[in-house]
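To keep things clear, I will list the structure first and then write my remarks on it.
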Amino acid sequence: MLISYKWLKELVDIDVPSQELAEKMSTTGIEVEGVESPAAGLSKIVVGEVLSCEDVPETHLHVCQVNVGEEERQIVCGAPNVRAGIKVMVALPGARIADNYKIKKGKIRGLESLGMICSLGELGISDSVVPKEFADGIQILPEDAVPGEEVFSYLDLDDEIIELSITPNRADALSMCGVAHEVAAIYDKAVNFKEFTLTETNEAAADALSVSIETDKAPYYAARILDNVTIAPSPQWLQNLLMNEGIRPINNVVDVTNYILLYFGQPMHAFDLDNFEGTDIRVREARAGEKLVTLDGEERDLDVNDLVITVADKPVALAGVMGGQATEISEKSSRVVLEAAVFNGKSIRKTSGRLNLRSESSSRFEKGINVATVNEALDAAASLIAELAGATVRKGIVSAGELDTSDVEVSSTLADVNRVLGTELSYADVEDVFRRLGFGLSGNADSFTVRVPRRRWDITIEADLFEEIARIYGYDRLPTSLPKDDGTAGELTATQKLRRQVRTIAEGAGLTEIITYTLTTPEKAVEFTAQPSNLTELMWPMTVDRSVLRQNMISGILDTVAYNVARKNKNLALYEIGKVFEQTGNPKEELPNEINSFAFALTGLVAEKDFQTAAVPVDFFYAKGILEALFTRLGLQVTYTATSEIASLHPGRTAVISLGDQVLGFLGQVHPVTAKAYDIPETYVAELNLSAIEAALQPATPFVEITKFPAVSRDVALLLKAEVTHQEVVDAIQAAGVKRLTDIKLFDVFSGEKLGLGMKSMAYSLTFQNPEDSLTDEEVARYMEKIQASLEEKVNAEVR
């Protein structure tokens, strides 16, 4: 939020440098992003009076004679709205304007120009806040501007703008009144709020208008009627104030509603009463199929959860978000209905998010407003419009609903205050803090009760009182002390150790770590899962693409693969360590189980072609090798079982990874249909349950002595049926129970007509070693006999 320091000083009697105020506010709980002055960097820009203005033939240029105080200057200007008799902003030769541009004497089309007549944009004012009548031309100054004087004071460019970063819990500071209360408490000053005098006619507003509410999303709705309104530009002071606050001036009525928004934090809307088709204002939820053309000219399809303002049962505004075009204030408007209301913040947030219509009003309703000043803000707006637009105000407020404006009472004790803050404050100190805040206080040190005004709706519990005392007393004055605790040696948890081991293997294999979204679509959430669990959905998702907690990480990684492939980065090896979410109960009543997982995706080439070697593409066994390296590092003996149960994976190139009866994950090729949907080439993926792996890990052995005795290797070639798998052969070898067998390696696979139909040959290298003695040939021969017998029995192998 932007704060005009000039305006703030009207509300609180302070005279400190703006930077000092910014630091003080930051240390008491409201962060200040920075302080800027619109006039910073500008110089030698004065008021000029255009004495004459002549067109340059066959151009858009004008030759102007301009009085700048001491002398008359000729200036060539191309603005369409320049004319004789107006006061303008003139940058003299040597002046500095926006972007540190220096003005020099020059010639334009051969005509001497001794300066520049400036627009607001040329002084660095954003186009988004320049009044529309000056958007394509120069700024015209008030008639009382004195030629030769600096222009800054006429446009309040000499103001200082303080930018606040308001956290959700301090939405009370989204108004000048709220900020004034805060600053007054910091400096122990009184607030000086403006008194708005309202004069009403004898004609009752209730005779011309009725208000009703048909939903609990609108606790209160109030309206006033103004007649004889004259639409015109706002006075210069109001335009200056709005521009400094980042709001474009429109006209006197709309500008007053924005002024009240800034002053009270109360969103308002003005309707053209002459465009009402009835006399009954109703606040209700939209009906299916209803539409509304909003002020921006867009036709909006309304949702049944949207809150609307209707007249004659037709929507005329999206409550708290944007008004309708049909009842917009225009130059012809003479009768105006002013609206001030309280709407449900969640409803407003959902509507503004769905329609992507964010505004100053919607953000305030979302975060909360001061319900105690709704009617006061409405009266103030009516008073200002009467003053600036010559309007008459009908008697009374037409309203529906009720508001609880009573103070909130919160109790505590002095002992609790000092215990929590670590201070030795007296009851008088506590009294002083709440006096400065403008809160009521009763009781004594043993027990006191604070009466919190409705303007501070963030204070509801005892802890909030402690925070207020600490803020105003001063965080820098709180005593500091070191924790009274014995130091302990830091170490990694089992989960952290496992993650480090996984990262070491993955990155050693050339994989790059990425982080993908935990939230995804309902469809992608259950991809790559054989048995999907219940979906855990957000109640108020920002978008459908991020509405459900993921049950796998592969779909997110494939989105990243697709993004890179589309940008010609085709050789990819990506991995992620994160959480997936399993919901076995009712998602609305129970939290999902969070499972630590590791996943990767490989596509493209392992090695590119060069003059010596052919290109090596990624395949199933390359991906499996990465997992084998990981399981070897972890000391786990896993099995791979072919499966076709995971629909998103290739049925002939997919394996489930198990440790005993525990399924740890899967490995496989992305199904061609799924790959086409992601628009990616042939890709291999794997995902492991790290939580299950962590539970299966054995305590690390501190040290194992390296044997001094040599290992002995024997090769064996087996004739097998074609359907026998490598894993079945390994299981058969291990079933022989040879304790001295330390390694099994497959080094050759062969099939052909010589072996016979449906047969294949597999050759293995078997390694034996005794850590305590050298093995003899007789011992190794006995081991081989046992292994051969087991192979013949288990897989019907024939030793070649």
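Backbone N, Cα and C atoms are what each Cβ position is placed from, and that goes for glycine too.
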Site co-member for Mg(2+) according to Swiss-Prot, given ASP464, GLU467, GLU468, out of ASP458, ASP476: ASP458
Densest Cβ neighbourhood among ASP464, GLU467, GLU468 (binding-site residues), 10 Å radius: GLU468
Three-state secondary structure, GLU467 (Mg(2+) binding site) (per DSSP): helix
Secondary structure content of the domain 'B5' (405-480), with strand meaning DSSP E or B: 34 helix, 14 strand, 28 coil
Near-site residues: Mg(2+), ref ASP458, ASP464, GLU467, GLU468, CB cutoff 8 A to centroid: ASN169, ARG456, ILE459, ALA463, LEU465, PHE466, ARG471
Average pLDDT across the domain 'B5' (405-480), rounded to a whole number: 94
